Structures are given as C-alpha cells and as structure tokens.
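First up is the structure itself, then whatever we jot down about it.
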Amino acid sequence: MVVEKKKKRGKSEAADPQPRGGGSRDHLLCDTMWRRRVGALLLRPRSPLPPPSSTLRRHLPDHQGSDGGNSRKPFIAFVLGGPGSGKGTQCARIASDYGFAHLSAGDLLRNEISSGTEKGELILDIIKQGKIVPSEITVELIRKAMESTDAKRVLIDGFPRCEENRIAFERITGTEPDLVVFFDCPEDEMVKRLLGRNQGRVDDNIETIKKRLKVFESLNIPVIDYYSSRGKVHKINATGTEQEIFGAVRKLFSSLRF
Ligand SMILES: Nc1ncnc2c1ncn2[C@@H]1O[C@H](COP(=O)(O)OP(=O)(O)O)[C@@H](O)[C@H]1O
Ligand SMILES: Nc1ccn([C@@H]2O[C@H](COP(=O)(O)OP(=O)(O)O)[C@@H](O)[C@H]2O)c(=O)n1
Ligand SMILES: [Mg+2]
C-alpha cells in the first residue's frame, strides 16, 4: 500500500489559488461537475432557499446577545481534519463534557442516503468516489439541523470541506464560526485508522481513502488557511491516544468563554 506522505505546506502553496495535487483534477472537483450532472435535480422547481428563519435568526446574531438576549446565536465551532483524524471521536467527547450539540455533516448526508430518495442516491454516488457533495445539499441539511436544536453551543463536524462549502454556509446562514478546531494528523496514521474503522462505510477502502486524502489536501486545507488568516483556527496534534488528544482538546475548550 503506497500512500503519499503528507507534504509540508509552504507559504507559496497556501497562497496558490489553484487546487493542488497535480495530475488529473477530477478528484478535486468540489461541486461543478456534479452540479452539471444533477442540474435537473438541483434546479427542479422548489422554493428558493429561505433567508435565515426566525428560529435560526434567534441563534444567528452575535452570540453575546446583542439584542437583550432574545437573539442569541449559538457558539459555533467547525471541526476539521483529514479523514480518520479523529473528528467524530473527539466531537462525541466534547459534546458530552461541554454541552455541545454535535452535527456531523457526514452523518447528515448518510441519513439522507438512508431516506432512499433520488437526492440520497446522488449523495451515495459522490461519497463512494470520495468527492464533495454539492454545497446546496449539505448546507441545507446543516441549516435544518441547527434550526432544530436549542443548544447554545454547536459543533459542526467535517464541514466546510471546501471554499464553496464555506461561502455557501456564510451566505445561507448569515453567520461565521466562532472557532475552527483542526485535528492535524499524519496521512499514514489516518489511513491506518480508516482501514480499521469497521463501520461498513462505502468510502473506507484504500482506493477511496486515497482520493479523500487528495481532496482534503487540495480543497479543505485552503479553508483552514482562510480561517487561520482570520485568527480562528486552533490546531491540535491528533496523534497519540484518544485520551491524550482529548487532554489538548480539554485545554482549549476549558479556556473558552461561550
Ligand atoms: N487517537 C486515536 N488513536 C487510534 N484510533 C483512533 C483515535 N481516534 C479515533 N480513532 C479511531 O479511528 C477511526 C476514525 O476516527 P473518527 O473519529 O471516525 O475520525 P474522523 O471522523 O476524523 O474520520 C475510528 O475507528 C476511531 O475509533
Ligand atoms: N461537508 C461535507 C462532509 C462530507 N461530505 C462527504 O461525506 C464523506 C464522509 O464525510 P465524513 O465527515 O463522515 O468523513 P470522515 O472525515 O469523518 O471520515 C466525505 O468524504 C464526502 O464525500 C461532503 O461531501 N461534504
Ligand atoms: Mg467523522
């Protein structure tokens, strides 16, 4: 099994607006090709995306409660990291110890697959290929999940996966994350964990894993760079035992003022 070692990310790379990785760019497509392929599905007459609803608006303005407490937005933490870096594992612990709702983009998409709809079939097809689902679909699922929770603290796990995800989220919800947690893990460790995950996932096979790693490097790292430049990223070394990593997580979350 040959998996390319994680590259060192230099400044010039971070500034490169083009997807990285070289070779075929097929695996790098965030959304364009799929939008074309499923144009009919996405463009089917439907009500346009609503502006943030009153329920969501209640959560969205400044979480400090700028209008007397009636419009508090939840504290939003995006949780990012490569596939197998331990996002889901650590989110479950954060949720239980710090009272966060845990919204996993991957789980929301997999639930949609279980619904057996045409949209579900499309999502399954994309996930099998390690590509990124069109942002309209994912953001809409997240928006609904945010609306249906009363939690004042929300972890959004595995999102945004690309710049387009990020921009769509900010446009549709009218808000930004308060914090971005980045679990930094070497590729060989991520591959080992994914191959041992044993959850029967269609994308936990070596072929798809290689594609997911390339997509992460090319499309997700720029999102992390973007939020780093805005001072929102907290990087956590994701090697070691779950408990050791949670030690670093706890340090961060215990220092936050929600
Ligand atoms: N620190 C760790 N050391 C070894 N295995 C881990 C660790 N953290 C998580 N795992 C395991 O690795 C796999 C991937 O973890 P998961 O939390 O699902 O990652 P992600 O959500 O980032 O893909 C799971 O089987 C999980 O039990
Ligand atoms: N924002 C997102 C999140 C996941 N996904 C898809 O769902 C797959 C699984 O996501 P996940 O977050 O459950 O995967 P892990 O990183 O947790 O292993 C990804 O490889 C993508 O195909 C997506 O398209 N857009
Ligand atoms: Mg996960």
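Sequential numbering from 1, following the chain as shown.
The backbone N, Cα and C atoms fix where each Cβ goes, glycine too.
Per TrEMBL, the features are as follows:
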COMPBIAS  1-10  compositional bias 'Basic residues'
BINDING   GLY84, SER85, GLY86, LYS87, GLY88, THR89, ARG197, GLY240  ATP binding site
BINDING   ARG110, LYS131, ILE132, VAL133, GLY158, PHE159, PRO160, ARG161, ARG201, ARG212  ribonucleoside 5'-phosphate binding site
BINDING   ASN165  CMP binding site
GLY240 (ATP binding site) to ASN165 (CMP binding site) - Cα separation in whole Å: 30
Neighbourhood of ligand 2 - binding-site residues from SER85, GLY86, ILE132, GLY158, ARG197, GLY240 with Cβ under 6 Å: ILE132, GLY158
DSSP-derived structure type at LYS87 (ATP binding site), helix or strand or else coil: helix
Residues among the binding-site residues GLY84, SER85, GLY86, THR89, ILE132 that border ligand 1 - Cβ under 6 angstroms, in sequence order: GLY84, SER85, GLY86, THR89
ATP site span - longest C-alpha distance across GLY84, SER85, GLY86, LYS87, GLY88, THR89, ARG197, GLY240, in Å: 17
Where ARG110 (ribonucleoside 5'-phosphate binding site) sits in the secondary structure, as DSSP reduces it to three classes: helix
Binding-site residues near ligand 3 among LYS87, GLY88, THR89 (Cβ under 6 Å): LYS87, GLY88
Residues near THR89 (ATP binding site) in space but at least six apart in sequence (CB under 8 A): GLU242
Separation of alpha carbons, GLY158 (ribonucleoside 5'-phosphate binding site) and ARG197 (ATP binding site) (Å): 17
